[in-house]
Amino acid sequence: VTASFCFCFVSFALPWQCFRALCCKGPPPPRPEYDLVCIGLSGSGKTSLLSQLCSESPENIVSTTGFSIKAVPFQNAILNVKELGGADNIRKYWSRYYQGSQGVIFVLDSASSEDDLETARNELHSALQHPQLCTLPFLILANHQDKPAARSVQEV
């Protein structure tokens, strides 16, 4: 085991200066935090996406029936993501969770049926026009590209 030492000569008037003198560094600077909302129809892959970003096990993933919040750490920022369930009976409440959002992730199942794709399109257009979201950045993620029925970006 090797250890490195740093000898600094400073006044030890403050404990923080003492800490810096002994360790030659301070705590890491605070990372900015951003609040995002993640929406999409049921089965589009919202929970799987967030689990993957948080380095969680993909096993035992179940559909979100209300909402969940995950802190997704990155090197220079933390994303606090509110994932909203995508079932028919839950989508009508999405707008109650939009306040304070600084961005939107819309997850789309690119291999879904034509009817589901039309429903997703309508929900996306509704979100794009919502007063609390219309000025925010949107990430539209065409998920399930590994499935044979997946549509291309142009088709989506």
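Cβ from N, Cα, C; glycine included.
Remember, TrEMBL labels are computer predictions, not curated facts.
Annotated features, as they stand in TrEMBL:
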BINDING   G40, L41, S42, G43, S44, G45, K46, T47, G86, N143, H144, Q145, D146  GTP binding site
BINDING   T47, T64  Mg(2+) binding site
SIGNAL    1-21  signal peptide
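For the binding site of GTP, formed by G40, L41, S42, G43, S44, G45, K46, T47, G86, N143, H144, Q145, D146 according to the record, the largest Cα to Cα distance is 21 Å, rounded to a whole number. A Cα-Cα distance of 9 Å separates K46 (GTP binding site) from T64 (Mg(2+) binding site). All protein chains shown were included, and the count of other CB atoms within 10 Å of the CB of D146 (GTP binding site) stands at 8. Least crowded of the binding-site residues (K46, H144), judged by neighbouring Cβ atoms within 10 Å of its own Cβ: H144. Between the alpha carbons (Cα) of T47 (Mg(2+) binding site) and G40 (GTP binding site) lies a span of roughly 10 Å. Listed binding-site residues: S42, S44, T47. The one with the lowest count of other Cβ atoms within 10 Å of its Cβ is S42. Sequence-distant contacts of T64 (Mg(2+) binding site), defined as residues of its own chain at least six apart whose C-beta falls under 8 angstroms from its C-beta, comprise K46, T47, E83, L84, G85, G86. Spatially close to G40 (GTP binding site) yet at least six residues away along the chain are K46, G86, F106, V107, L108, D109, A120, E123, judged by Cβ distances under 8 angstroms. Other Cβ atoms within 10 Å of the Cβ of G86 (GTP binding site), summed over all protein chains shown, number 24.
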